[in-house]
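Enquirer: Take this structure first; my questions come after.
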Amino acid sequence: MDLSMKEIMEILFNIVYLITLWAIVFNMFKNANKLNSKYTKLGKLVAWTFALLAIGDTGHVGFRVVAYLKDGITESAALLGYGKFATSITVTFFYVLLLIIWKVRYNEKYNYFTHILFASGLVRLVLLVLPGNEWTSVVAPFNWAIYRNIPLMILGLGVAGLFLSSAKKEKDNTFKWIGIMILISYGFYIPVILFAHINPTIGMLMIPKTVAYLAAAFIAYYGVFKNKNENKNIQA
């Protein structure tokens, strides 16, 4: 096993990221039942949402760490493929739960737009299980990466828009910043989808994308579980 400095730094980043994210999730669950009963439902939803993110990323970046330490990235295509598949499933449900959180947080009703977002999530899940993805291939088909990510873009950006719109009306800083972090994450993720197959170095943008998700977890933990001034805006 002969690792470059870049690979060592990626391994360390992934390990620190997973430990930090799981620590936040653990504390979310720990504090959920300590919330006022009026806020417990929201707290548990937030905890499960970021638990899904942690589970999926354990498969994704966690398997990358294993691949580096075992046989190397090139020789571990199947392992990495399973990790990508796992995180693709969990991140879809991550955004579906965020949509439910939006409804609970602001006492909103589902409408035509939210139904489109739910439908996008369903289309995404169907696309993920189709054989054309070739998850275990060394070089996965580029066109299928586009197909499966279009509904994710609709779902994720739609959820971000809902949070930003409702948070502005309610003067809710917590979910305003979560919405911003979602937009930032997509700002780094879209170039990876479109151009990483041409220039693999662009894949490094996944690091700031991951940091944006971690920032969203910190913001959610502080705003929902620790900041009583923010909690006063939560609707029963």
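Cβ from N, Cα, C; glycine included.
So TrEMBL lists the following for this protein:
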TRANSMEM  12-29  transmembrane segment
TRANSMEM  45-67  transmembrane segment
TRANSMEM  79-100  transmembrane segment
TRANSMEM  112-132  transmembrane segment
TRANSMEM  144-165  transmembrane segment
TRANSMEM  177-198  transmembrane segment
TRANSMEM  204-225  transmembrane segment
Enquirer: What same-chain residues lie close to the transmembrane segment (79-100): Cβ under 8 Å, and 6 or more beyond its ends?
Expert: 45, 48-50, 52-53, 55-57, 59-64, 66-67, 73, 114, 117-118, 121, 124-125, 128, 133-137, 140, 148, 152, 155-156, 159, 162-163
Enquirer: Answer yes if the transmembrane segment (45-67) and the transmembrane segment (12-29) have at least three CB pairs under 8 Å among residue pairs 6 or more apart in sequence, and no otherwise.
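Expert: Contact between the transmembrane segment (12-29) and the transmembrane segment (45-67): present, because at least 3 Cβ pairs are under 8 Å.
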Enquirer: Cβ under 8 Å, sequence separation of at least 6 from the ends of the transmembrane segment (112-132): give me the contacting residues as numbers and ranges.
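Expert: Same-chain contacts beyond the ends: 85, 88-89, 92-93, 95-96, 99, 103, 141, 144, 147-148, 151-152, 154-155, 158-159, 162.
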Enquirer: Tell me, please, if the transmembrane segment (12-29) and the transmembrane segment (204-225) are in contact, taking contact as 3+ Cβ pairs under 8 Å between residues separated by 6 or more positions?
Expert: yes
